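Annotated features in Swiss-Prot:
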{"type": "MOD_RES", "residues": "T9", "note": "phosphothreonine"}
{"type": "MOD_RES", "residues": "K17", "note": "N6-acetyllysine"}
{"type": "MOD_RES", "residues": "Y25", "note": "phosphotyrosine"}
{"type": "BINDING", "residues": "H59", "note": "O2 binding site"}
{"type": "BINDING", "residues": "H88", "note": "heme b binding site"}
{"type": "MOD_RES", "residues": "T109", "note": "phosphothreonine"}
{"type": "MOD_RES", "residues": "T135", "note": "phosphothreonine"}
{"type": "MOD_RES", "residues": "T138", "note": "phosphothreonine"}
Amino acid sequence: MVLSPADKTNVKTAWGKVGAHAGDYGAEALERMFLSFPTTKTYFPHFDLSHGSAQVKDHGKKVADALTNAVAHVDDMPNALSALSDLHAHKLRVDPVNFKLLSHCLLVTLAAHLPAEFTPAVHASLDKFLASVSTVLTSKYR
């Protein structure tokens, strides 16, 4: 999915508002995903998946850091996310549908925390951005 210049601006502005909360929002999105889509828990058998667990918080920060990297390299996401794509495709073997589920939960989390900034245009831009990230992460599955 191609991001327009307006989409890129919307994503960078919205992610800038996330700021220091990125790790917390990442963890909250993971918790939402585990509660809403319990089958996603199978990829984390070694995690304590209870609310507020240190492992979920740590992984939420990793998710947020990866998205921060993608925002910073929005014009070159395939190179910026190459190692992460390899990890998820070849080592972790995560079913690609899970990226869509996490993207949805992340959108819900952002909408809950940034209601004033989460306009229809920003929502659409973030959705396109997360779809692009998902596409990059699944590109090595082929």
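Backbone N, Cα and C atoms are what each Cβ position is placed from, and that goes for glycine too.
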Identify, in sequence order, the residues in the chain of the residue listed as 'O2 binding site' that are 6 or more apart from it along the sequence and have a CB within less than 8 Å of its CB; answer 'none' if there are none.
G26, A27, L30, F44, F47
Just give me the nearest neighbour of T135 (phosphothreonine) among the recorded positions Y25, H88, T109, Cα to Cα.
H88
Per residue, counting other C-beta atoms within 10 angstroms of the C-beta, which of the recorded positions K17, H88 reaches the highest number?
H88
Chain-internal residues near T109 (phosphothreonine), provided their CB is under 8 angstroms and they sit 6+ positions away:
Y25, E28, A29, R32
Within its own chain, what residues at least 6 apart in sequence put their Cβ under 8 Å from the Cβ of T138 (phosphothreonine), listed in sequence order?
S85, H88, A89, P96, F99
Rounded to a whole angstrom, what is the C-alpha distance between K17 (N6-acetyllysine) and T9 (phosphothreonine)?
12
